[in-house]
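In what follows, a single structure is set out as structure tokens and then discussed.
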Number of protein chains: 2
Amino acid sequence: MKQGLKLAMEATNSNPTSTAAAELLCGVNAKALLDSVDAFLFDCDGVIWKGDKLIDGTPETLEMLRSMGKKLIFVTNNSTKSRFQYANKFRSLGLSVSQDEIFSSSYAAAMYLKVNQFPLEKKVYVIGGEGIVQELQLSGFTALGGPEDGEKRAQWKSNCLFEHDKDVGAVVVGLDPDINYYKLQYGTICIRENPGCLFIATNRDSVGHMTDLQEWPGAGCMVGAICGSTERKPIVVGKPSTFMMDFLLQKFNLSTYRMCMVGDRLDTDILFGQNAGCKTLLVLSGVTTKSILDDPSNKIQPDYYTSKVSDFLNFLGE
Amino acid sequence: MKQGLKLAMEATNSNPTSTAAAELLCGVNAKALLDSVDAFLFDCDGVIWKGDKLIDGTPETLEMLRSMGKKLIFVTNNSTKSRFQYANKFRSLGLSVSQDEIFSSSYAAAMYLKVNQFPLEKKVYVIGGEGIVQELQLSGFTALGGPEDGEKRAQWKSNCLFEHDKDVGAVVVGLDPDINYYKLQYGTICIRENPGCLFIATNRDSVGHMTDLQEWPGAGCMVGAICGSTERKPIVVGKPSTFMMDFLLQKFNLSTYRMCMVGDRLDTDILFGQNAGCKTLLVLSGVTTKSILDDPSNKIQPDYYTSKVSDFLNFLGE
């Protein structure tokens, strides 16, 4: 257990950044990029879709890449859905993507416990959505909390002892639209009082596109709350930690230098790709604008940038 | 406005710690301590009471100190009550303490805005209890949020724009037993989108004695959540920041070296006293045990320690 844990902790702290300015994608370098990689890793929100709306030209682009023999993998920090639920979302948007091609941070949390041989007789308390609970259960773990505790309230009165399950050996924290004091209290008490209890964060994204129009607090908000009450640092399993990357490299027997990470966020997607040694492509269809990329305070430069994934269609038609 | 703000920020970062081991309070040094100070600053929870239960011997001790001409000031990080509500709590426990002797972090938040000339036409969004709302209103500010937003929910659907008040110029975050996604979202959007919006934390205590029996998440939990979603550091007005101390020194015309801070927490109370240059006395009637004090990882040593405030009665009777 210790080695896997150590790896994920280190991955979260490593921060290799590229200092060369990103190249604008064009016909010439797009073709060279395609020739140099076997697999594309795509972030979903801001790359494939925005909220519930597909980004134009995506289905045709993915089909073209598949027809060229490229492996496609979808890596999302959003933990509210399980892989099964994500496959349904892809299908509802007219995209043919199988569950095995999807790596969500909810799945990563379950896989982290699995590869680190978390004892099956122990339990996992969840601050987050149904996606985490489902993935934990699919891996044979007992999940407590999650949506079930959405309406519970702590009793603030004298001589009140908050009872918690002493068998909880891990608390998994992700984005939780039904966050409340009860869940924060339950997770905090498990981490502070149960010896050796792990504190796992699906990711630490500060905000996300919960709607098409605006950025709202992301998992970084709930994770920050538990950091504040426990004075502990989490083990992060989602981007930019390379835990998920190490896991899928092993699963698919891929080489990182023959992969390209495509994402809309510098501090998660691009850093995740760089941490792992992948080529990186920033799309401006999500949260990052050209002026953010060019700002002197930004230290993360992808290899390439372009407006949206479907630009590949134009470049390869030239 | 800038200078006051700078002062409070610096105060939060300053961290002078004493390395000499704490002296056990006894008849000799207790008398010397009493002779050397004009005022005692008391933390409340874990010092005067624990939850809703008075700690034995406290009323007699406070009366004795008053009869010796000592000024008594009560400084609490708990922001859920206003000074008016605190005065009622003291009264209900049989202690005669006036509102003017009480400095709560709810009052400190209002005073921070006042001394920094926060414009009265601007508004303040509150993540926290009624105490903060009351103190802001007593100082003439317009408070939004707080308990009123306890039952509100964000709509998670496409094309949903979360409307927020563009006149909010400060978000005050304290302990909030009714924390929810709506409030976190409101505060986050104000800080991220309203130009110059201040992020003020009443305090960052990780946990507190919400009941007699157990420690539950404190304001540090809610403050951590907003740090996570905004990627901003708060201006802390409660202990161990010296904002409150600077304010009351000016108000009462006191000298810090003629004061003694009495508290049960090393990282807030004792550090607060040391930051300000006061003498410090740790009581073991709250969250800190002798083994925590003696642990090599603890770098904060008070001048003196004793089991409870009423030990003064014994020492002065010797």
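The backbone N, Cα and C atoms fix where each Cβ goes, and this holds for glycine too.
When TrEMBL records B:Asp43, B:Asp45 as binding Mg(2+), the matching candidate from B:Asp246, B:Asp264, B:Asp267 it lists for that site is B:Asp264. In this structure, the recorded positions B:Asp45, B:Asp264 were compared by how many other Cβ atoms lie within 10 Å of their Cβ, and the smallest count belongs to B:Asp45.
Sitting within 8 Å of the Cβ centre of B:Asp43, B:Asp45, B:Asp264, and not among those site residues for Mg(2+), are the Cβ atoms of B:Cys44, B:Gly46, B:Val47, B:Ile48, B:Thr76, B:Gly263, B:Arg265, B:Asp269, B:Val283, B:Gly286, B:Val287. According to its DSSP assignment, B:Asp43 (active site, nucleophile) is coil. When Cβ atoms from all protein chains are considered, those within 10 Å of B:Asp43 (active site, nucleophile) total 25, not counting its own. Its own atom aside, the Cβ of B:Lys239 (substrate binding site) has 33 Cβ atoms within 10 angstroms in the protein chains shown.
Counting only the Cα atoms, the space from B:Lys239 (substrate binding site) to B:Asp43 (active site, nucleophile) is about 10 angstrom.
Taking the C-alpha positions, the distance from B:Asp43 (active site, nucleophile) to B:Asp264 (Mg(2+) binding site) comes to 7 Å.
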